[in-house]
Amino acid sequence: MKKMLIQGGNLLSGEVTIGGAKNSTVAIIPAAILAESKVVLDSVPHIKDVNSLLSILEDMSVTSTFTGDTVEIDPTNIVSTPLPSGKIQSLRASYYFMGALLGRFGKAIVGLPGGDDIGPRPIDQHIKGFEALGAVVTNNHGAIEINAPEGLHGAKIYLDMASVGATINLLLAAVRAEGQTVIENAAREPEIVDIATFLNNMGAKVRGAGTDIIRIEGVAHLYGHNTHTIIPDRIEAGTYLSMAAAIGDGVNVKNIISEHMDAYLAKLEEMGVKMDVKEDSIFVYPSPDLKMVQVKTMPYPGFATDLQQPLTPLLLKAQGEGLVVDTLYPKRTRHVPELIRMGADISIENDVILLHHADKLQGAEVSADEIRGGACLMIAGLMANGVTTITNASNILRGYDRVIDKLTGLGAVVKMVEE
C-alpha cells in the first residue's frame, strides 16, 4: 500500500487533461471477450483497476498490451475459466465478467465483487435479469455460478432501481442472446452510451442507450473493427474542477464533455464559482467568495454520487451552513471523520452530512478508505496548512489517471511513497 504526502497551501495553475472514463473502461475491458477478434481501445486511463482487469484476462488466456493510452485485447484463444476469488474480489467492476462470460459461453463462475466500502451494493437486479434471460444462478460458497445450458433468450426485464451495474451486465449478457431483450428502467449514464457504442461498432444491435428503455437484438457474432476511443471521465473532471475552484489561480481543465456534467456545473455556478465553459474544456478562475449550497445525489442526469466527496472540501470554503444527502449510498461518509482530523467543521446526523465554513484546514495523517473519499482528502490536503499524509493512497490510484504527474504539473508539491 502507498501513502501520499502533500505540502499544502500552494496555489495551482496551468492546465490538466482528463483521461478516459474509469466507469466505461472497467466495463469495456470485460466486454472485449465477447468479440471473436482483436479489440483496440484508445484513451484508456492509467489506473490500477485497468491493470487488475488485464491481469484477470491473462488468466483466461486473453492476451493484451497497454502502450501509451492504447490497449489491444485479443480474445481469440480465450478459455472459459472460473474466476472464484483472489484478483476478482479486489475490484467491484470484476462483476462485469458475469455478463460477459455468460454472453460468450453461456456460463460463468465469478467471485462476489469487492471494491470500495461505501455501503451495501447488492447484485439482486443482475441476478433477476440473468434468470429472465434463461440462466440458472446459484451462490456457491461466495462465488456466483451462472449456467444457461439451453442458451440465452431475449426477455423483457424491468429493473427495480436504475442500477448502472445491472444495466451494463444485462447488456453484455443479452447482446449475443437469441431474440430481443428489452431493459426497462435502465440507467442512463453516459458510460452506458459509450459501452453500447463500443458493442455496436463490433456488430451488436443496441438501441436506446442513454434512455430508460434499452432494446437489444441478439447477434451470433461480434468482431472488433475500428479503434474505440473511451469518453472523458466526468468524475475525474469534476474532481479537478473542485480542486481548481478551491485552491486554483486559474486552471484550464481539458478533454471534457460538459453536457455530461450539467448537474455538477449547475451546483458550482450556484456556489459562485467563476468558469468559462467551452466545447471541450473549462477554465476555472479564482473564486474567493463562495456561497454554501445543499447537495443531493441522484441517478444520472442528477448530481453524481461519485462527486459528492470531491466537492466537499470546496463546500468547506463557502460561507454558511450546507448539507450533503447521498440518496444512492447513504453510508458514503468515511471521509467525514478524516476531515474532522484536519479541522473541518463537519458532522453526520442520520446519514446527512452537515457542513460549516472552515477558515483553514490543518495538515494531518488521514486514511483514504476508498477512491472518491481519497480524492476528497487529496483536495483538502492541497488546501491545508502544513503537510498532509494520506495512508491507503493506493485507493486513489485505482480511480485517478496519472494523478501525481497531473498534480505536480499544476504546481502542487505532492509525492507517492511506499508505506
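Each Cβ is built from the backbone N, Cα and C atoms, and glycine gets one as well.
The following features are taken from Swiss-Prot:
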BINDING   K22, N23  phosphoenolpyruvate binding site
BINDING   R92, R121, P122, I123, D124, Q125, D306, L328  UDP-N-acetyl-alpha-D-glucosamine binding site
ACT_SITE  D116  active site, proton donor
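The separation of D306 (UDP-N-acetyl-alpha-D-glucosamine binding site) from K22 (phosphoenolpyruvate binding site), Cα to Cα, is 12 Å. Note: the Cα of P122 (UDP-N-acetyl-alpha-D-glucosamine binding site) and the Cα of N23 (phosphoenolpyruvate binding site) are spaced 18 Å from each other. The Cβ of L328 (UDP-N-acetyl-alpha-D-glucosamine binding site) has 21 other Cβ atoms within 10 Å, all protein chains considered. Take the CB of N23 (phosphoenolpyruvate binding site) and look out to 10 A: across all protein chains shown you find 26 other CB atoms. With every protein chain in view, the residue among the binding-site residues K22, R92 whose Cβ has the most Cβ partners within 10 Å turns out to be K22. Cβ-based neighbour count (10 Å, all protein chains) for Q125 (UDP-N-acetyl-alpha-D-glucosamine binding site) stands at 21. Separating the Cα atoms of D306 (UDP-N-acetyl-alpha-D-glucosamine binding site) and N23 (phosphoenolpyruvate binding site) is a whole-number distance of 11 Å. R92 (UDP-N-acetyl-alpha-D-glucosamine binding site) sits 11 Å from N23 (phosphoenolpyruvate binding site), taking the CA atoms of both as reference points.
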